[in-house]
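Some notes on the structure that comes next.
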């Protein structure tokens, strides 16, 4: 049975019966949940070790560029030969590309002989041109001279080399098919140059297969799921200036502006927030339609650089954008209709926000406090994204084990070599997948931990304000925010680590159940699959229970941790009991206020997404080696980062409201329905008799 909170966090009597001053949230405390703080520290050590593996083994260039037949990454300056400007992968032998597209053939495109070039070669109109292998051996040319000669040194070949070249065994290969730069790979266009093919046949060259298969073979490789995922990750690395501006600086500025406006224009802010939310939802949705090509002519293209306008190549990225546009349309319609429904309740939200506005006005350090966790989180995300790029590219480059005909002329040994001629691939072992999952979970836990620390500090500051009876009380510390930070650092880090770990685990389970539910939903379309249907509905029930659990153990538990100094589980039990005893009081007042705050967070994050679209529309990200394949991932990351930053700053208002209302309800319970410690500013805000009746008595 818990005792009255007011007796231990407000003015409480000392042993001699006199009222003890300076006793606000300073009763006997001790370190709680130390074991989980140790686990959190050990987790960070594991994160550093895990990230160091990525930095040691990874190479982000692999996410964008392919490998040549020697296992070098195109565009890498630290390879055996300097390839820093040679970013395009080109397959020399068109017959090998053809064979790799045949379903009946075991030959893989990864084993076809490929080299790195500066641009994709095209056939000449008046003669046959060649692309020759890297110069070495008796070919005394530098890489620069080789590039200046358009990779063609056929005239320097010996008769033996010319004969093997006519057999498509190198070192020079004819340019028969035009090619175009598609995601830094030279995509063959399956229409041979008649003039080049005629010259080739007159020289006695072997038959070259002409079929649409030669086009589809490379296209299938470029558009594989693993290749698309790598490109998406590479987009994040290329768009890092956009992430900093639209995911960090812009939401910081907008969040501070919102807090200042809620402080001075609290009556108008709910209306402004709802109107701005609808405008931003429509704007972001329209940008998805633009990039998907359904509006205007600004659809993304997989082709990089200048190309024949009659050539049309499509990639998975455009399909993903179209799916996102459809999803955004549905969300937009639901959001606009919901905002229309809550318009009638905005007056109630205004009365709730007045409470937080008055608290922020008295404890002004609350406005700038979130900059501290924001800075820590920004540093963490810079480290995390860099480590993530290296982890996603940390596979080992190994030579394939093939038994196919891939013979080619070796300029060093001066003969046709059929040994060790298989191509190279990047081998991703299972432990790399585990390391990536651990890294993703670590990001979520660290984010939740920092948000929880921020919430606990804010709750402690606001509780000091409330239980002192208002800003005029001499018991409020001069800097309540820093006093609350001190209590957190000294006593409650373990409780925060436990709470954030629980939330992270619950969210991870929810994500897995949601994935299972979607798969079962497909299987349950079969009428006889009653087991699938039962599992489907059970998983949905579990998801709802999990969501309720998250809401009940999150903010309110941190409030009680800040006020009482109890462990997370004990504080969660106290908060749950207090909520259940006053569910109607809290629900009537707090729901609409939470909706407005949620819309405010979405306004900040949608603004981040909108500006990310605008920045990614610049020439820098539409051409050259900085071209992003799709704005989808950078925009989503900016959206998420904007929401996280807004959560840090809007937590000032959320925690102020929740802490004041919980403290008010507890105060009312301890004093037979009449709050004793409620400061005059709060009483002034709640002077409406109907609203006071809702808070103190609930419905009859």
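Backbone N, Cα and C define each Cβ position, glycine as well.
Checking TrEMBL for transmembrane segment across the ranges 550-575, 628-653 points to 628-653. Between the transmembrane segment (488-513) and the transmembrane segment (449-468), three or more CB pairs separated by 6 or more residues in sequence fall under 8 Å, so the two stretches touch. The transmembrane segment (628-653) and the transmembrane segment (34-55) are not in contact, since fewer than 3 Cβ pairs between them lie under 8 Å (pairs 6 or more apart in sequence).
Residues 274, 277-278, 281-282, 284-285, 288-289, 292, 294, 349, 592, 595-596, 599, 632 of the same chain, all 6+ positions outside the transmembrane segment (323-343), place their C-beta atoms under 8 angstroms from a C-beta of that stretch. Counting Cβ pairs under 8 Å to the transmembrane segment (239-262), the stretch among 268-290, 363-384, 449-468, 595-616 with the most such contacts is 595-616. The stretches the transmembrane segment (595-616) and the transmembrane segment (268-290) are in mutual contact, each linked to the other by at least three Cβ pairs under 8 Å (pairs 6 or more apart in sequence). Residues of the same chain lying 6 or more positions beyond the ends of the transmembrane segment (449-468) and with a Cβ under 8 Å from any Cβ of it are 6, 9-10, 24-25, 40, 359, 362-363, 365-366, 369-370, 373, 376-377, 380, 475-477, 480-481, 483-485, 487-488, 492-493, 496-497, 499-500, 503, 555, 558-559, 561-563, 644, 647-648, 651-652, 654-656, 658-660, 663-664, 667, 677-679, 682.
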